[in-house]
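Over in Swiss-Prot, the protein carries these features:
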BINDING   106-112, 266-274  3'-phosphoadenylyl sulfate binding site
CARBOHYD  Asn47  N-linked glycosylation site
CARBOHYD  Asn58  N-linked glycosylation site
CARBOHYD  Asn221  N-linked glycosylation site
CARBOHYD  Asn427  N-linked glycosylation site
TOPO_DOM  1-4  topological domain 'Cytoplasmic'
TOPO_DOM  22-441  topological domain 'Lumenal'
TRANSMEM  5-21  transmembrane segment
Amino acid sequence: MKMRSKYAIILFFVVALVIIEKERNIISRVSDKFTLKFPHAESVAPNNTISARSLTKNNSLLANSVAAVWKLLKARRSYSSLQSAASSDVRKVLKGRKHLLLMATTRTGSSFVGEFFNQNNDIFYLFEPLWHVEKTVTFEPGGMNAVASSIIYRDVVQQLMLCDLYTLENFLFPMADRHLTGILFRRGSSKSLCEGEVCTPPKKGGTEKFPCRLRDCGLLNLTLATQACLQKQHVAIKTVPLRQLEFLRPLVEDFRINLKIIQLVRDPRAVLASRMVAFPSKYNAWKKWANEGRVPDDDEVGKIRGNCENLRATAQLGISQPPWLKDRFLLMRYEDIALEPVKRAQEMYRFSGIPMTPEVKKWIYENTQVSKASNNIYSTHKISSEQFEKWRLGLPFKIARVVQQVCEPAMKLFGYKLVKDAATLANRSASLLENRNFWIT
């Protein structure tokens, strides 16, 4: 219980740091909805949570608060010392550095597109670092949920763009020991975390939950990872939970960060079809409708509508190019990338201001022209021009029609054609794409 309280205090002060910023009034209105989640332990009941309000009232936790704050300040001090000790060569790199944020939702091809930047040796690429934040910090349902969570996600991304990987320690459970961790989500999907000095020799007793793919590395040393980030010319982050563009304005206006944002979208009918396969239990209501005729309840349909509306609102804001976003936002359709991967990769690189390397082109060719596509739903090896519309043969028209009804505004903005019958849906010779040029000069 003592350790649990320590974890709670640490996260509470992370949120306290956010409250100090511009959004102080917003966060204060939702503090009663804030929930902290902790990993299961023998002495902790599953699904147990502690609210931020109860933490402030629990005087027994005050004794731990000083130690918790000191831990956070110590991490910041460690990062600051690394920056101060950076060589003149590293400082030159930082001066011309570009920062890229790839925003997407699940099953939109973001892992595949993210590899376009992961394969560039000049880029420090992080694969979904907010996964740990999302699993640790949640909010009770309510109108302010998206606001509060977006602010926390944004602030973590801001620190990561500045190569402050110690920030992640506040959301890792079990906690990192001397900046060593074996549980960073999908570490193997970030080349920068599995190469050079970051790939330390494995030691006995050190187990990686998400090991590197091609090399046998020891536990991830966040100090070495931070140093590697500072030495790379550019930083790119692929993230899923951060979806509301308007909350990124402080990040865009941060003079230390030269940020470009790419929003990746996909036909919502295809997204639902893919999620039904990848997450069968979560989308069981839709599968039952497809197989047994049981109509999903309004809540399930409402989730689809809400997702589409969030995507539309973000894209509309980005395309409108307000002064703070001028030349900093690009909307890309997954389907366009699947059809012309090299061309679209070149567009994204040109937009980001980062040179595209031969290694990236080689990877794209080898992973989009493979002789046989992988059956692994998480694979990035695809015959992309053949795979992107495969969903049309498996999704029942009655489900596609519901998605069209609730997502029509977003589909029209993104240029996805509606279908009127099952025959048209299954006819892959009839394109569902309208010509769109979202390139912003």
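Using N, Cα and C of the backbone, Cβ positions are placed for all residues, glycine too.
Cα of Asn221 (N-linked glycosylation site) to Cα of Val271 (3'-phosphoadenylyl sulfate binding site): a distance of 36 Å. Under 8 Å, Cβ to Cβ, and six or more positions away along its own chain, Thr106 (3'-phosphoadenylyl sulfate binding site) finds Val240, Val271, Arg275, Ala278. Reported as a whole number, the C-alpha separation between Asn427 (N-linked glycosylation site) and Thr108 (3'-phosphoadenylyl sulfate binding site) equals 22 Å. DSSP classifies Thr108 (3'-phosphoadenylyl sulfate binding site) as coil under the three-state reduction. The recorded positions considered are Thr108, Phe112, Asn221, Arg269, Asn427; of these, Asn427 has the fewest other C-beta atoms within 10 angstroms of its C-beta.
Confidence in the topological domain 'Cytoplasmic' (1-4), given as mean pLDDT, stands at 42. On its own chain, Ala273 (3'-phosphoadenylyl sulfate binding site) has Trp391, Gly394, Leu395, Ile399 as residues at least 6 apart in sequence with a Cβ closer than 8 Å to its own Cβ. For the recorded site, Val271 (3'-phosphoadenylyl sulfate binding site), the DSSP three-state label reads helix.
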